[in-house]
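Written out below as structure tokens is the structure these notes cover.
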Amino acid sequence: MAAHRREGVAGYVFLSPWLLGLLGITAIPMVGSLVLSFTNYDLLSDWSELKWVGIHNYTRMFTDDPHYWHAVKVTLVFALVAVPLKLSASLAVALLLNKERRGTGLFRGLFYLPSLLGGSVALALVWRAMWAKEGAVNGFLALFGIEGQNWINEPDWALHTLVVLAIWQFGAPMVIFLAGLKQIPKELYEAAAVDGAANWRAFWHITLPGLSPVIFFNLVLETVHGFQGFTSAYVISGGTGGPIDSTLMYTLYLYKAGFGDYQMGYASAMAWVFLVAIAVITAVLFSTGKFWVHYGDQS
Amino acid sequence: MTNLRAVLRHAFLLLLAVVMLYPVLWMVVSSLRPSNEIFRTPGLVLDGLQVQNYSLGWDALAAPFGHYMVNSAIVVLGAIIGNLVSCSMAAYAFARLEFTGKRIWFAIMLGTIMLPIHVIIVPQYIMFSQVGWVNTFLPLIIPKMLATDAFFVFLMVQFIRALPRELDEAARIDGAGHPRIFLRIILPLMVPALATTTIFTFIWTWNDFFSQLIYLTDPDMYTVPVALRSFVDATVDTSWGSMFAMSVVSLVPIFLAFLIGQRYLIRGIATTGIK
């Protein structure tokens with residue numbers, strides 16, 4: 001009994017840094033964010049000027065702020081285009097690299113490297129230069145006699161340069177797919193080969209169901225990740241989200257509202273809607289998962 | 001037939017490797033070209049070496065670029081130490097100790113892995129500015145000391161759970177307490193998990209832009225990403241070469257980390273992705 005209690009005490013001692021962080025760095029700011037979202041807090045004024053504004057920040061967001069809807073649209077388009085393309089690319093390349101052959105490790109490393117570089121300011125700067133009017137992409141197109149435009153200044157194209165940058169980083173989900181492919185029992189493929197099943201049938205009936213938990217994991221991870229894109233949008237648009245809001249990712253707009261215009265009450269309201277939206281989307285993904293994710297032997 | 005397929009497959013992979021590496025190579029080559037030549041030159045062949053871009057870029061901002069590298073190194077080092085100490089302690093508690101509320105705390109910990117920092121950044125900023133921590137490195141390091149990177153707690157829990165329990169039992173019979181079991185038995189065995197944590201913390205903190213942009217507004221405190229951003233404001237033609245040169249410099253540590261730690265990086269994402 002005494003040993004049991006001692007273990008309980010030890011448990012909380014070991015957990016204390018984490019508990020302190022949960023309380024001070026996460027929980028209290030989360031509640032604070034909710035409280036602030038009902039105020040007009042603006043950082044510059046004195047606390048005494050803090051006023052309750054009820055749900056004003058929320059009604060303003062939904063009914064009276066066209067930038068907000070641009071940000072929502074940009075973020076949704078980005079996630080809806082970038083995530084499926086990135087996942088398809090990573091799965092396709094993982095299938096090509098699945099069998100251990102000479103050079104496999106080298107290719108895996110090469111394809112993974114962009115995932116480490118792509119989130120940096122340095123690479124976003126390079127991207128900005130590559131897709132500029134006089135950039136390498138247009139230089140390449142010129143070889144075929146095509147006159148390219150200034151991609152990052154075109155409202156119709158700017159976001160897609162960010163999508164390409166996201167797809168370029170397919171290496172991280174690819175590595176997860178490769179690990180998942182190793183978990184699928186070889187015997188299943190051998191049995192299918194004995195039965196004379198074609199390759200695509202084996203892919204459809206063995207690989208995809210066997211890989212579905214990993215596909216699901218990557219889908220949730222990349223979706224949540226995709227919604228949070230900030231660095232590349234900030235750098236490529238020079239911090240504006242332009243041209244005409246076309247790269248105004250949700251987090252960039254939140255940053256501009258909170259730390260550019262110091263409308264911290266409004267930014268807090270945006271933050272909470274963001275949290276709820278991500279939670280809802282994750283929950284929806286999980287509920288669809290029941291229909292297509294196969295765990296263990298259930299398939 | 002199978003031979004042809006293997007050749008095709010290999011050719012495709014080679015082509016893809018070239019496409020994937022192209023932006024990086026173009027960046028390096030451009031950093032060695034005169035500024036007026038960078039544009040419209042998709043090729044990767046150099047006429048001569050314009051090493052001058054590096055010396056000009058190094059001194060292009062208010063302080064020498066090395067100053068920002070040192071600032072980044074301080075933040076990275078603090079974050080690594082913080083994550084290693086606090087996450088391993090929490091992981092030991094979750095993986096090896098029984099205490100009331102453990103299941104609930106564990107569920108909450110898993111929940112915070114997905115929590116976007118943007119949701120808490122505003123009140124956190126207000127809090128840190130009240131205690132005078134804006135334009136210090138503390139807001140970037142203290143959260144790591146408090147295990148807010150739950151991802152690493154989870155990674156380490158998974159690792160410790162896979163270690164044989166007989167080892168701690170034997171030590172306990174010999175009269176060792178939990179601090180001793182943790183320090184002498186578990187920590188030495190979880191070096192691979194600690195290595196994975198170190199290398200990911202290194203890369204993520206070195207690249208982190210959002211929180212460094214928010215907390216560091218005094219040019220003297222700028223870290224590498226925040227300093228690099230200043231090249232966007234400077235739209236003068238001559239600064240392009242410098243910008244590329246400093247971009248290359250800023251990515252050298254990431255590249256080295258990748259070369260040294262590739263094994264741990266790949267194992268890290270692979271194992272956490274599966275479980």
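Glycine is treated like the rest: Cβ placed from N, Cα and C.
Feature annotation from TrEMBL assigns domain 'ABC transmembrane type-1' to B:69-261.
According to TrEMBL, the transmembrane segment annotation covers B:12-29 (among others).
Positions annotated as transmembrane segment by TrEMBL: B:68-92 (among others).
TrEMBL lists B:104-128 (among others) with the feature transmembrane segment.
Per TrEMBL, the feature transmembrane segment maps to B:140-160 (among others).
Annotation comment: TrEMBL describes B:181-206 (among others) as transmembrane segment. Sequence-distant neighbours of the transmembrane segment (B:181-206) (same chain, 6+ residues past either end, Cβ-Cβ under 8 Å): 72, 75-76, 79-80, 83-84, 87-89, 92, 96, 140, 144, 149, 152, 155-156, 159-160, 163, 167-168, 171-172, 224, 253-254, 257-258, 260-261, 264-265, 267-268.
The transmembrane segment feature in TrEMBL is assigned to B:240-260 (among others).
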- [ ] May I ask you to check whether the transmembrane segment (B:140-160) and the transmembrane segment (B:104-128) make contact, with contact taken as at least three Cβ pairs under 8 Å and only pairs 6 or more apart in sequence counted?
- [x] yes
Task: Long-range neighbours of the transmembrane segment (B:12-29), counting only residues six or more past its ends (CB under 8 A) - done: 42, 44-46, 244, 247-248
